[in-house]
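Asks: Structure below; questions to follow.
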């Protein structure tokens, strides 16, 4: 039998048929392992999506149920972060449905662009909110007498509006073919193969967002802890000079601010620790053109996993949040009990909500 070369158009159609018959995913390291690795990728994305949505719903309800958490002006920004992270979780339903082979509402290229833009904007809101929180705490400690006149509810709402507007404007050029805005955990084949990063757009994002936010956080928290340390030293000297009664008074005045700053500092530190590998990969890919599907997936979803970390940090660090979480749990349990015992006329039921929390 004589061997005849296969025409190029028939070969391309054969390859296209093979690619369409197998799912696309970044974790597929070999042709024979494609299905198993795509299943692993789907499980990771669905698991993170579930954690992000449930964790931020808990944070939002606890802030609603614990009025003491709203005494600090930083609660405005923390709740903004919670809503932004909740929207991240809702947005992650798009790649979850894609990996589970549900039809997408738009064509793949447009879905990829819109999803990448939304994720980038939402994480920018979280990053900018952390910078605003550090500025708020810095003003509270450096200018305690004029703090209430400088930081008003109206100015806080305006600041939150500007945070959202600024985040949208920073990533808006992605729709004008400047380059990929930063989303790399591509579950869409068009994102991974046809949407490339641009060095100039990457530098623009770093200069306008990443670098200022990191510098503000470092500067403010360094000065906050330096001032707290000075105050503690002065109070210790006064305690030695006067009486032990001043010891109790001084401790109660300085420690709460330092403890609250430590909780916020932990949240900020975890945020940047989880985002650092992604930012480094983003810079490396933009500057050298080198890319790795595995590194792309892992760094991106490691960064996105930060969206449910705030609930864990609050649960472990903030006693007021812990009490609010217990109150929320008690309210939910009371509601469940009242529904199950509604048909029993001899059961005495609790008639009021716990800690002012309404379910």
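Backbone N, Cα and C define each Cβ position, glycine as well.
Automatic prediction, not curation, is the source of TrEMBL annotations.
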Asks: Would you mind telling me which of 14-41, 42-69 TrEMBL tags as transmembrane segment?
Replies: 42-69
Asks: In TrEMBL, which of 233-253, 296-316 is labelled transmembrane segment?
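Replies: Within the set 233-253, 296-316, TrEMBL attaches transmembrane segment to 296-316.
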Asks: Would you mind listing the long-range same-chain contacts of the transmembrane segment (296-316), meaning Cβ under 8 Å and 6+ residues beyond its ends?
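Replies: Residues 26-27, 41, 44-45, 48, 51-52, 54-56, 58-59, 62, 78, 81-82, 85, 88-89, 92, 119, 123, 126, 183-186, 192, 263, 266-267, 270-271, 274-275, 277-278, 280-281, 285, 322, 325.
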Asks: Average the pLDDT scores across the domain 'G-protein coupled receptors family 1 profile' (55-314) and report the rounded value.
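Replies: Residues in the domain 'G-protein coupled receptors family 1 profile' (55-314) carry a mean pLDDT of 81 in this prediction.
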Asks: Let me check one thing: do the transmembrane segment (199-224) and the transmembrane segment (114-135) come into contact, meaning three or more Cβ pairs under 8 Å with sequence separation of at least 6?
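Replies: Yes, the transmembrane segment (199-224) and the transmembrane segment (114-135) are in contact.
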